Amino acid sequence: MMQNVHLAPETDEDDLYSGYNDYNPIYDIEELENDAAFQQAVRTSHGRRPPITAKISSTAVTRPIATGYGSKTSLASSIGRPMTGAIQDGVTRPMTAVRAAGFTKAALRGSAFDPLSQSRGPASPLEAKKKDSPEEKIKQLEKEVNELVEESCIANSCGDLKLALEKAKDAGRKERVLVRQREQVTTPENINLDLTYSVLFNLASQYSVNEMYAEALNTYQVIVKNKMFSNAGILKMNMGNIYLKQRNYSKAIKFYRMALDQVPSVNKQMRIKIMQNIGVTFIQAGQYSDAINSYEHIMSMAPNLKAGYNLTICYFAIGDREKMKKAFQKLITVPLEIDEDKYISPSDDPHTNLVTEAIKNDHLRQMERERKAMAEKYIMTSAKLIAPVIETSFAAGYDWCVEVVKASQYVELANDLEINKAVTYLRQKDYNQAVEILKVLEKKDSRVKSAAATNLSALYYMGKDFAQASSYADIAVNSDRYNPAALTNKGNTVFANGDYEKAAEFYKEALRNDSSCTEALYNIGLTYEKLNRLDEALDCFLKLHAILRNSAEVLYQIANIYELMENPSQAIEWLMQVVSVIPTDPQVLSKLGELYDREGDKSQAFQYYYESYRYFPCNIEVIEWLGAYYIDTQFWEKAIQYFERASLIQPTQVKWQLMVASCFRRSGNYQKALDTYKDTHRKFPENVECLRFLVRLCTDLGLKDAQEYARKLKRLEKMKEIREQRIKSGRDGSGGSRGKREGSASGDSGQNYSASSKGERLSARLRALPGTNEPYESSSNKEIDASYVDPLGPQIERPKTAAKKRIDEDDFADEELGDDLLPE
């Protein structure tokens, strides 16, 4: 019987903690539910103490108690009274006049101490309910429905809208099963209406967010039409929201008004929100007068920022200047309900200071900051919107807005409005007025001073006045050391002066102050590119690309870095991303064509060059490449079209007209080629190359004009020799350049024309022709071929003997023409 009683041993004194975790299982309350004896005691009156009917005699303390079994000696306690729980032979019994609960006469016969009557065995348990009973099934089904609704809401909050809808549908199906089962077991009055309402409302909400508006409206109709649901009429506002999304403005307004009628007047906030929705619907429907009525009512009952802002927009839409002013004044008088004084510690009490510091950045303070930022945004936007129209000029309008703001609780916004006024002047190309306003602001307090100086620095930088830009950048930095825009402007001025290392330091400082300053990150990438630190530049642009995913400038810079790193495949890949962002940029398309040309993919290069030409047909380099491409493929007529366009774009460049004539000659149209050469000679009478081509072509065609052109060529060459001698006498070393120039001209006359021999672009040859500065002198590089020795072989129209004759060096053997007139 005593196996459940654990007594601490008296002799074991070595281990102080022995038996520390031992306890009497009687006191294990967690197992009481499974304790049959305890459950019997709870269900019955077994073991309860009877009411006390006598008092303990005072003599019981001093004399032993005699029983029917003989006199026993009592054990005195430390306070002089007998211990009530111990007798001889280890059998315990009460030592009071009243028998305690759990003590019987059986204890005197050697029974163990059993206060809970565990020796009697477990009592018969109460009849348990069957798990498959209808009530248990209903409870279990209710639990499952609630869990499905919760899971649907959680999935919606996590952004998994499809899963949320599926869970809501499952909850609806199980709820209908639950209703049918409950109707079979109990009366209809016992149906859980709250559960039905929550299931239907959640299902309608999930339909709405999944843009299944018809199903959502049907579900809301089921709720609204059921008179058993209290306050279901407010859901008509949700139905109005759905109609608003569907742009069914008349029905949206109808349901908003029905919801408004069912909201009691004491619920003022809800009524205000519904009226705001009505106003927004009227604005989207273009009914500004009706919207004005709604917002005017709101501003008279409970003015708020959104209503005041929308009211200003409505008056702007109908063009009422005076009402615009009044609406703006109402907007700036809306109370913010922000107490700034509570964030200032009034005493030196450390506890108070600690509390003040704790609430300076708590959630409530963050909400107040967001509310203030929203108010400033609405006021600034409204001022910029109405300032150009409320007065005769936008300057007067801004002045009126500034005066009104200065007299309100938003005094600090007045300076921001002045800066916006300067920006407006810049948009109107009035540079001087903008600078004057910013210079006035630059003399005010530090915050405005820094902003004004930053803008002035940017203006002077764009005007190439780097000294003034640097000066104002210094002022801005000194006024606010943590202004990233000021540090970026200072870095720009240093960058313009070529000190790239110092510029990088300013950009780094700007990034340390504001890690989201994309301008500084972009500029530091350009700086590293200038310093030829390409890996670091690439890291900067890749970081910027992670922030600005669709920035064409950043993508182009990454492609440019890969090109500098001699990785054309990666450069092409990034340029393709640029084209996906801005598919009509001719510069990017021409760059792609250039890279494909370097890789030897002429077909892809032609595709992108042609696309670039379509979007911008005035790019000389693109026209030049396309002309060379058609020459390579021997489509002379196509090449003529591009060179003629180039001659229109650069009429002072003789090389384009010479190229046109050369293409005519190669296509076999000698008469057209001769006319083109003659026309070129009339425009550029001192061009040596044109005269040489005329002499050769007229001689081959047997024309009498050959003698005249030969005399002009001889006279022109003599004049050129005299000019070169004068240059040589005044400057040393010019003779070598003259020899190089003459040798180049003579060598070109005898060489075959090939625009792409050995992979060379035509531009390398065309640049050898005279430019705009020296239109009549021969070039120092290869010139356009003037001979008839053609790499394509003999022309079909010409006999073979003529082709052989052209190869002969004595083509111009004529007694009237001197050898000095022939091209070397």
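Yeah, the Cβs are placed from backbone N, Cα and C, and that goes for glycine too.
These features come from Swiss-Prot:
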- 113-134: region 'Disordered' (REGION)
- 197-230: repeat 'TPR 1' (REPEAT)
- 233-266: repeat 'TPR 2' (REPEAT)
- 272-305: repeat 'TPR 3' (REPEAT)
- 307-338: repeat 'TPR 4' (REPEAT)
- 415-448: repeat 'TPR 5' (REPEAT)
- 450-483: repeat 'TPR 6' (REPEAT)
- 484-517: repeat 'TPR 7' (REPEAT)
- 518-551: repeat 'TPR 8' (REPEAT)
- 552-585: repeat 'TPR 9' (REPEAT)
- 586-619: repeat 'TPR 10' (REPEAT)
- 620-653: repeat 'TPR 11' (REPEAT)
- 654-687: repeat 'TPR 12' (REPEAT)
- 724-824: region 'Disordered' (REGION)
- 748-757: compositional bias 'Polar residues' (COMPBIAS)
- 797-808: compositional bias 'Basic and acidic residues' (COMPBIAS)
- 809-824: compositional bias 'Acidic residues' (COMPBIAS)
State the non-local partners of the repeat 'TPR 6' (450-483) in its own chain: residues 6+ outside its ends, Cβ under 8 Å from one of its Cβ atoms.
415, 419, 422-423, 426, 431, 434-435, 438-439, 441-442, 444, 489-490, 492-494, 496-497, 513-514
Take the repeat 'TPR 3' (272-305) and average the pLDDT across it for me.
93
Using a Cβ cut-off of under 8 Å, list the residues of the same chain at least 6 residues beyond the repeat 'TPR 9' (552-585) that approach it.
522, 525-526, 529, 534, 537-538, 541-542, 544-545, 591-592, 595-596, 598-599, 615
Same-chain Cβ contacts of the repeat 'TPR 4' (307-338) under 8 Å, 6 or more residues past its ends?
276, 279-280, 283, 288-289, 291-292, 295-296, 298-299, 368, 371-372, 375, 378-379, 381-383, 385-386, 389-390, 400-401, 404-405, 408-410
Intrachain residues whose Cβ lies under 8 Å of the repeat 'TPR 3' (272-305), provided they are six or more past its termini:
237, 240-241, 244, 247, 249, 252-253, 256-257, 259-260, 263, 311, 313-315, 317-318, 330-331, 333-335, 371, 374-375, 378
Near the repeat 'TPR 7' (484-517), which residues from the same chain, at least 6 beyond its ends, have a CB less than 8 A from one of its CBs?
450, 453-454, 457-458, 461, 466, 469-470, 472-474, 476-477, 523-524, 526-528, 530-531, 547
Tertiary contacts of the repeat 'TPR 10' (586-619), as residues 6+ beyond its ends and Cβ separation under 8 Å:
552, 556, 559, 563, 568, 571-572, 575-576, 578-579, 625-626, 629, 632, 645, 649, 759, 761
